[in-house]
Amino acid sequence: MKLLQKAAWLTALSALGLTQLTVGASAEFAAKGDPKPAVILFGESNDGGWSQSIDESRKKLESELNLRIPQAEKIPETATAIRPAAELFIDRGANIIIGSAFGYSDTFKELAEQYPETVFINPAGTTNGPNLKSIYGRTYESQYLCGMIAGGLTKSNKIGFVAANPFGLVNWTVNAYLLGARQVNPDAELSVVFTGAWADPVKERAAAEALIEQGVDVLGQHVDTPTVQVVAGEHDVYGTGHHRDLSEFSKATQCSSIWTWDRFLKPEIEKIAAGGFEKAPYGAFLSIKDGLIDVACCGEAVSDELKEKVMAERDAIIAGKHVFAGPLSDREGTVRVKEGEVLSDGDLWSMDWYVDGVSGQ
Amino acid sequence: MTEFLFNWLVNVPAFAVPFALAALGLILSERAGVLNLGAEGFMLAGALAGIGVTINGGPPLAALAGAMLAGMAMGLVFAFLTASLRINHVIAGLALVFFADALTRYIASYAGWTNQAIKGLEPIFLGQDLVVWATPLICLGCVLLLNRTRFGLALRAVGENPAAADAAGIDVTTMRILAILLGTALIGLAGGYLTVAVSKIWTGSVVGGRGWIAIALVIFARWHPWRAVLGAILFGCIEALIPRIAATGADVPRYFLQMPPYLATLAVMIWSATRSSGGGAQPAALGLHHIREDRD
């Protein structure tokens, strides 16, 4: 009942335009009391990929911060599902709500305005505010390092990549993967197959098998299930994973581009507790250095020499090396990054081109 | 080029079989007048059962049998709702899809079956497995059952004119329940085949809308078993072709490749709608309840 009353009160407030006032008053944000985070997961907590990576970080945070962090899983990307989950946690005293989906963006924006004393953090989101921050990783860095492993392991110089949908944050992993491969093997070529679905093991298997038929002997991926790694294992070729360390599903997996949310969230939660929440008007776009992403490396097939090269590049990236540094042209020959420059974040998000050596639609 | 064609064609059956079996199952229940929109849900039940039996040490054939039983178990619920309680077929079917989606995900995560790779069904002849070879026989069985047996005659009568069938002494409710159970056994098998022979792994999204395509296939086939198998082969050709074209690096937009089956479905529907005979092959009492002595 209390919740309903609150909702009715807030609806009345926003109808009068008073929410604007409330937000204005809370521009200087400070969390009230001890940090009490809660996590809302878009997928299943054991999906083997994206949602599981967040849930594993939640468990690590629980022990590291000595907190109990409740979780709700399989909350679809609709306001009618997100809102009750978030409000239940807030009602029980949570003051940091951590989301997990692009589709939560709008509802989190509304909730953040309604609950100005609660911090909202949304991985893969797009909305931001005085108490709302969307975060995503520069996954091209970790996929670049996995690409180096692929370049070093391939004998046919043909590498395959199974990806979900061709847009910015997927295209940058495809391009970075080949750039990494060419760092150790200038003759490497990359064939990419888009399945059109984030988690369709039937299509992922078909794509992986079709690539292996074409002579590919290492398979990278940016889809949500470990099917590609399993198929690689069945055909005695190598693979590299995404989201989590996928070597638990297949002996083929030699490296994985992984999320390490806890390494970012631990200091973030401590900062919020100390009253130092940093606003990010365009969201936080975080790198290996910030602790949000990393590689799980390396499998048994990787030589010490190759591993050292990968770790040296990892150090270089932490020290400031940009994967998309000029001069860089797309496969049609158009210059995309000039000598001495690096690709801007805006151009990364709208990336719709492929570097020379990538084939596929 | 020969190698490309070979690789393509050898992979078509594995993609066509789930569509074909699901469409055949739908035809069996729809010819008895039961509009079945629950295909996606029955496939999910079968897909999960197939994985569950395999992970617990069952051979592939036992897994497929388990898939049929799981499909029938869901079918029993559907039959109770539609044939016994006479709930609207559309609502009952859609509700079952959502129910099956949640239930299978829950069981899979409770039992720890998600993302566990299995060995699966092996090819027996010409690179194809048992179910591929059995599918034409299953289709023949459906044709003979519907057109050459008293049971089939009664089933069709219930779908075309339940009042007349009732007057002729056919138990409409029992016939519809039997048609649903036969149909959902085949749809469950389609789902089981998807996980046991094709993906060889379970995730909650493994059926991925293939049940809905099977429903479109039934309309495409005008409720005829052989045409449904032909349609399934068309869809299978496309599903096997798209990744292979992409893997060669040819610059063909995949969105265009995905269009032909849907264009064909639309074309068939337009063709049948413009024919003078009107409604065509759709069972006359599809989706309608029969209540004895009730005047329409």
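Note that Cβ sites are derived from N, Cα and C of the backbone, with glycine treated the same way.
Remember, it's a predicted structure, so these values are computed and weren't measured experimentally.
In TrEMBL this protein carries:
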type	residues	note
TRANSMEM	B:6-27	transmembrane segment
TRANSMEM	B:34-55	transmembrane segment
TRANSMEM	B:61-83	transmembrane segment
TRANSMEM	B:90-113	transmembrane segment
TRANSMEM	B:125-146	transmembrane segment
TRANSMEM	B:177-195	transmembrane segment
TRANSMEM	B:201-221	transmembrane segment
TRANSMEM	B:228-249	transmembrane segment
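Nonlocal intrachain contacts for the transmembrane segment (B:90-113), taken as residues 6+ away from its ends with a CB within less than 8 angstroms of a stretch CB, comprise 35-38, 40-42, 44-45, 47-48, 51-52, 55, 74, 77-78, 81-82, 202, 204, 211, 287. Taking pairs at least six residues apart, the transmembrane segment (B:34-55) and the transmembrane segment (B:201-221) share three or more Cβ pairs below 8 Å and count as touching.
Ranked by the number of CB pairs under 8 Å to the transmembrane segment (B:61-83), the listed stretches B:6-27, B:125-146, B:177-195, B:201-221, B:228-249 are led by B:177-195. Each of B:125-146, B:177-195, B:228-249 was scored by its Cβ pairs under 8 Å to the transmembrane segment (B:6-27), and the highest score goes to B:228-249. Tertiary proximity for the transmembrane segment (B:228-249) is limited to same-chain residues at least six positions away from its ends with a CB under 8 Å from its CB atoms, namely 4, 7-9, 11-17, 19-20, 23-24, 27, 135-136, 139, 213, 217-218, 220-221, 257-258, 260-261, 264-265.
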